[in-house]
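Features as listed in Swiss-Prot:
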BINDING   R41, A42, N43, V44, K45, H46, L47, K48, I49, L50, N51, R62, Q69, K85  heparin binding site
DISULFID  C30-C55  disulfide bond
DISULFID  C32-C71  disulfide bond
REGION    29-33  region 'Receptor and heparin binding'
REGION    60-70  region 'Receptor binding'
SIGNAL    1-21  signal peptide
SITE      K45  site 'Important for integrin interaction and activation'
SITE      H46  site 'Important for dimer formation'
SITE      K48  site 'Important for integrin interaction and activation'
SITE      K64  site 'Important for integrin interaction and activation'
Amino acid sequence: MNAKVVVVLVLVLTALCLSDGKPVSLSYRCPCRFFESHVARANVKHLKILNTPNCALQIVARLKNNNRQVCIDPKLKWIQEYLEKALNKRFKM
């Protein structure tokens, strides 16, 4: 085989092997880029706390009335109280 063909073939195969998975820009993106700050506690069916190494605290709520998922601002007073109560319950001796 011609040396140029071998080099091109090796480069193409290397590029294919390195391109597996998501692009770096997508794999490090935080799930919650925008927060809802006017979500009533009574309207929340379920809360999910996302723990990602490269993002701040992120809380996703499933709403009762339309089953929609929204990211809730973790600075809301009722969220702070909920988290404090959950942590106290978990680490209570």
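Glycine is no exception: its Cβ is also placed from the backbone N, Cα and C atoms.
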Mind checking which of C32, L47, C71 has the fewest other CB atoms within 10 A of its CB? They're the recorded positions.
L47
Could you check which of the recorded positions R41, K64, C71 is the closest Cα neighbour of K48 (site 'Important for integrin interaction and activation')?
C71
If you run the three-state DSSP split on R41 (heparin binding site), which class comes out?
helix
When the Cα of C30 (disulfide bond) is compared with the Cα of each of the recorded positions N43, H46, N51, K64, which one is closest?
N51
Just to verify a number: CA distance, H46 (site 'Important for dimer formation') to K64 (site 'Important for integrin interaction and activation'), in angstrom, no decimals.
8
For the region 'Receptor and heparin binding' (29-33), jot down how many residues DSSP puts in helix, in strand and in coil.
0 helix, 0 strand, 5 coil
Sort the residues of the region 'Receptor binding' (60-70) into helix, strand and coil with DSSP and give the three counts.
0 helix, 6 strand, 5 coil
Average the per-residue pLDDT over the region 'Receptor binding' (60-70) and send me the rounded value.
93
Any same-chain residues 6+ apart from R41 (heparin binding site) with CB under 8 Å of its CB? Would you list them in sequence order, or say none?
W78, Y82
Distance between C32 (disulfide bond) and N43 (heparin binding site) at the Cα atoms, whole Å?
19
Distance [Cα-Cα, Å, rounded] between C71 (disulfide bond) and I49 (heparin binding site):
10
Want to know which binding-site residues, from N43, K45, L47, are within 10 Å of K64 (site 'Important for integrin interaction and activation') at Cα; which are they?
N43, K45
For the heparin site made of R41, A42, N43, V44, K45, H46, L47, K48, I49, L50, N51, R62, Q69, K85, how many Å separate the two farthest Cα atoms?
24
